[in-house]
C-alpha cells in the first residue's frame, strides 16, 4: 500500500506563519528603500535649491565650469552628507528622477538644475536669526524641530571648529518670511508668563527636561561663515 502525505493543521499553520514573515520582511525592505530614496532626494534638492545655491560657492563654481550646467553625480556621492546616506551614483539618479528641482542626463551619470538660478533675494538678512548658547550636540534636525514651530526653516548654518568638528555654540537660521523670523525672536526671547521656564530658554522638546538658555536676535548671514553645507568634501 502506498502512503499518501496530507497537510496537517500544524503544517498549514507553519506555512502560513512563514508566508506572513516573508511578506513582513519584504514590506520592511520596501519601506527602508523608500525612505532611503526620499532622504537622497531631499538632500540633492536642497543642494541645488535656490536658498543653498546662492550661499554654496563651491557647488556654484562646479556648475559654472560646465557649458550645459551638468555635473557628475559621482561628485555628489563624494560629499560627506551623501556618504552617510549612500555612495551609489545610480541610486542617487534613481532617487531624483521625479524631482522638480533637478534633472538627470540620458546616460544617468550627470545632474543639473531644471531652471537657471535667479538673483539673490535682498531680504535674506531680515529673514535670518542668530542664536547663541546652543547645546554642544546641536544638530540641524534639532534646530529645525524647535524653530519650525514658528515658521518654515529654509536654511540652517552651524559653524564648527575646523580642528574638532564640534559646533561653536551658535547658529544662523533662515526662515521663509520676515514675519516668521520675527515671531521666533519674539517667542523664544519672551516666553509667555505662564510658561514653566525662564526668559530666554527654548520651549521644552523632551518631557520634563529644559534646554539651555539661548539668545535669539536678527542677524545677517554671509558666504564663507564656515557652514556645514559648504564643508562637503
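Placement of Cβ uses the backbone N, Cα and C atoms for every residue, glycine included.
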Checklist entry - TrEMBL tags one of 150-191, 192-233 as region 'Disordered' - which one? => result 192-233
Checklist outcome for this item: Per TrEMBL, the region 'Disordered' among 1-28, 29-56 spans residues 1-28
